[in-house]
Amino acid sequence: MTAILERRESTSLWGRFCNWITSTENRLYIGWFGVLMIPTLLTATSVFIIAFIAAPPVDIDGIREPVSGSLLYGNNIISGAIIPTSAAIGLHFYPIWEAASVDEWLYNGGPYELIVLHFLLGVACYMGREWELSFRLGMRPWIAVAYSAPVAAATAVFLIYPIGQGSFSDGMPLGISGTFNFMIVFQAEHNILMHPFHMLGVAGVFGGSLFSAMHGSLVTSSLIRETTENESANEGYRFGQEEETYNIVAAHGYFGRLIFQYASFNNSRSLHFFLAAWPVVGIWFTALGISTMAFNLNGFNFNQSVVDSQGRVINTWADIINRANLGMEVMHERNAHNFPLDLAALEVPSLNG
């Protein structure tokens, strides 16, 4: 016993720090990924709050027409946003010390880059921390794999898309209306609604919601009665109990008769894997779609694809969408260019006649 106590006392400060960082007994697990996650997310959150409240207008298009995004400059919670870094900066790394003054840094939208880069580092480390805690506890690694879907989506809109388009000014603004503006412009320029990967993402999100509601309602409807009519059904469950709290056979029988037998899972493990995999794979595909459209590999173009025997166009819904796209495109960044590329003449008229 004496020897053991002596060894503990001789443990270095660094050793004790390592043990504390990797201890699963802490109320909140830190982990080595947490060492980087905590400061980056705190920085991103702090700057976001300050900038959302008080940042001055930003020259997003690089044409000396600042756009207001903060509460103190006339916005509300819905219209407010962190305005993306100016097109004049492009993809340049733009920390505070690269600007001539803090006023210049704010005018060119420096906070957006600061927030986005710290945020992406932070959420990537959060994903690593999920894996790390799973590893320490002897669990399988699929929690971190599932979280990779929103991480991929955030990376696509905040980093990959600006890289492909050549400027952080094309990144998604950090606000409600700014997000909607990003979506509308993205549709106008890339026809995302006609991209199969976006369609898979829609199926993933809506399908995941449907399956979650179906599973929750089936389980809630087939609980094993443990309470009286005067008590909440939730009182019939005790945390850590070994026996099942619902009758999976009854749920399987109900759903199998409602649809057909093989539409219902008879294995709880495969069911829950499916519930996790469906939305995750869908969001993976959407992130991949955003990342390809970043480099202008756009959605399908079926414009004027149906003609009659005289060669006259018979409009389809694809043509209606195209008309809407053109309308959205001519209205955004209206002072940054005279007309969008889609409306430009295919050939320049010859000056020699």
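Including glycine, each Cβ sits where the backbone N, Cα and C put it.
As annotated by Swiss-Prot, phosphothreonine applies to Thr2.
Taken from Swiss-Prot, the feature N-acetylthreonine covers Thr2.
Nonlocal intrachain contacts for the transmembrane segment (29-46), taken as residues 6+ away from its ends with a CB within less than 8 angstroms of a stretch CB, comprise 20-23, 114-116, 118-119, 121-123, 125-126, 128-129, 131-133, 136. Residues annotated as transmembrane segment in Swiss-Prot: 29-46 (among others).
Sequence annotations record features per position, and here Swiss-Prot assigns chlorophyll a ChlzD1 binding site to His118. His118 (chlorophyll a ChlzD1 binding site) falls within a helical segment according to DSSP.
Annotated transmembrane segment per Swiss-Prot: 118-133 (among others), in sequence order, evidence recorded as sequence analysis.
The pheophytin a binding site annotation in Swiss-Prot covers Tyr126 and is backed by sequence analysis. Other Cβ atoms within 10 Å of the Cβ of Tyr126 (pheophytin a binding site), summed over all protein chains shown, number 19.
Residues 119-120, 123-124, 126-128, 130-131, 134, 276, 279-281, 283-284, 286-288, 290-291, 294 of the same chain lie 6+ residues outside the transmembrane segment (142-156) yet bring a C-beta within less than 8 angstroms of a C-beta in it. For 142-156 (among others), the entry in Swiss-Prot reads transmembrane segment, with the evidence type sequence analysis.
For Tyr161, the entry in Swiss-Prot reads site 'Tyrosine radical intermediate'. In sequence order, Asp170, Gly171, Met172, Ile290, Ser291, Met293, Ala294 are the residues of the chain that are 6 or more apart from Tyr161 (site 'Tyrosine radical intermediate') and have a CB within less than 8 Å of its CB.
The Cβ neighbour count for His332 ([CaMn4O5] cluster binding site), using a 10 Å radius over every protein chain in view, is 14. According to Swiss-Prot, the [CaMn4O5] cluster binding site annotation covers Asp170, Glu189, His332, Glu333, Asp342, Ala344.
In the three-state DSSP scheme, His190 (site 'Stabilizes free radical intermediate') is classed as helix. Annotated site 'Stabilizes free radical intermediate' per Swiss-Prot: His190, in sequence order, evidence recorded as sequence analysis.
Positions annotated as transmembrane segment by Swiss-Prot, on the basis of sequence analysis: 197-218 (among others).
His198 (chlorophyll a PD1 binding site) is surrounded by 22 other CB atoms, counting those within 10 A of its CB over all protein chains shown. The secondary structure of His198 (chlorophyll a PD1 binding site), as reduced to three states from DSSP, is helical. For His198, the entry in Swiss-Prot reads chlorophyll a PD1 binding site.
Per Swiss-Prot, Fe cation binding site is recorded for His215, His272, and the stated evidence type is sequence analysis. For His215 (Fe cation binding site), the same-chain residues 6+ apart in sequence whose C-beta sits under 8 angstroms from its C-beta are Leu271, Leu275. Reduced to three states, the DSSP call for His215 (Fe cation binding site) is helix.
For Ser264 (quinone binding site), the same-chain residues 6+ apart in sequence whose C-beta sits under 8 angstroms from its C-beta are Ala251, His252, Phe255, Gly256. Look at Swiss-Prot and you will find His215, Ser264, Phe265 tagged as quinone binding site, backed by sequence analysis.
Among the features that Swiss-Prot reports, transmembrane segment is placed at 274-288 (among others), with the record citing sequence analysis.
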- Task: Determine, to the nearest whole angstrom, how far the Cα atom of Tyr126 (pheophytin a binding site) is from the Cα atom of His118 (chlorophyll a ChlzD1 binding site).
- Result: 12
- Item | Sparsest Cβ surroundings (other CB atoms within 10 Å) among the binding-site residues Glu189, Glu333 | Glu333
- Message: If you count CB neighbours within 10 Å, which one among the binding-site residues His118, His272 has the smallest count?
- Response: His272
- Proximal residue to His190 (site 'Stabilizes free radical intermediate') among binding-site residues His118, His198, Phe265, His332 (C-alpha distance): His198
- Note on the structure: Filtered by Cβ under 8 Å and at least 6 apart in sequence, the residues in the chain of Phe265 (quinone binding site) near it are His252, Leu271, Phe274
- Message: Can you work out which residues elsewhere in the same chain, 6+ from the ends of the transmembrane segment (197-218), have a Cβ less than 8 Å from its Cβ atoms?
- Response: 251, 254-255, 271, 274-275, 278-283, 285-286, 288-289, 292, 299
- Give the distance between the Cα atoms of His272 (Fe cation binding site) and His332 ([CaMn4O5] cluster binding site), rounded to the nearest whole Å. 44
